[in-house]
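Engineer: Per TrEMBL, S-adenosyl-L-methionine binding site is recorded for GLY99, ARG104, GLN170.
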Amino acid sequence: MPPVFRGTDDKGNPIGTNVTFWKAVKAGAKDKAGKPLWYKKGIQYWDGVDATDDGVLGGYGHVSSLDARENSEFLEDVMGEHLEEARDDGQKLVSLDCGAGIGRVTGSFLIDHFDECDLVEPVAHFIGKAEETLGGESKRPDGHRCVNFFAEPLESFTPEPGRYDAVWIQWCVGHLTDEDFVAFFRRCAEGLKPGGMVFMKENNAKDGFVLDTDDSSLTRSHKYFMHLFEDQLGWEVAKHRLQKDFPKELFGVRMYALRPK
């Protein structure tokens, strides 16, 4: 019997289980393309947000340097040796930044570790800002550069097969239904090179899940994520770690390093 997770909305009202919640979303109103309005409401929210660090981080732009530091440490702990060996063999290292927003994660740490970075983001003015800031010829001494800027939602995006050493997914999967979450991660696995890994960094609810009624997203608990990774995907969670030193009023934030089987 698969585990069941109970949720509340952001005002503390109970909203049933993950099973009943996603069934209601799927059975509810659709847009012209036949997708649940759940996705349209999320895009509408972010369409009204400034394309700045403070905008994409909900007024907490000051945590960006802490975020980048721990992201870099986590990547090095998990994949540093593999990436160094690949570079010594003359391989070009490539990353994919999913839900990339304005390119904050790529610009603050991914581009330091990878020769090429691709970004995918559904909000038009965010990905436009990312391309404006990070696109064009590289001016970096190491020659690292951003190559592709995909303006596409994650629930339909398919990575190029075998292109990526690392896929980094941060603060965006709350917008994916469980079904689309699993399908998206499976497509990400197809985009990996041999030995490549998928990384996810997300808010963790203490229990079950919490619905954000403003931006149409779900904050899942650590146990909920582990169910998706291990039971639904059948993947190995190679390592996970809590982010340190974020403001205490925020959700806990956890990094996951995932190895598809």
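For all residues, glycine too, the Cβ spot is worked out from N, Cα and C.
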Engineer: Identify all same-chain residues not among GLY99, ARG104, GLN170 whose C-beta atom falls within 8 angstroms of the centroid of the S-adenosyl-L-methionine site's C-beta atoms; report them in sequence order.
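Structural biologist: Near the S-adenosyl-L-methionine site, the remaining chain residues are VAL56, ASP97, CYS98, ALA100, GLY101, VAL105, TRP168, ILE169, TRP171, CYS172, LYS201.
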Engineer: Cβ distance under 8 Å to GLN170 (S-adenosyl-L-methionine binding site), same chain, sequence separation 6 or more: which residues?
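Structural biologist: For GLN170 (S-adenosyl-L-methionine binding site), the qualifying residues are ASN71, ASP97, CYS98, GLY99, VAL105, MET200, LYS201, GLU202.
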Engineer: My understanding is the cutoff is Cβ-Cβ under 8 Å with a sequence separation of 6 or more in the same chain; which residues meet that for ARG104 (S-adenosyl-L-methionine binding site)?
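Structural biologist: When sequence neighbours closer than 6 are ignored, ARG104 (S-adenosyl-L-methionine binding site) has ASP53, VAL56, LEU57, SER64 within Cβ distance under 8 Å.
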Engineer: Would you work out the biggest C-alpha to C-alpha distance among GLY99, ARG104, GLN170, the residues that bind S-adenosyl-L-methionine according to the record, and give it in angstrom as a whole number?
Structural biologist: 11
Engineer: Give the number of CB atoms, excluding that of GLY99 (S-adenosyl-L-methionine binding site) itself, located within 10 Å of its CB.
Structural biologist: 24
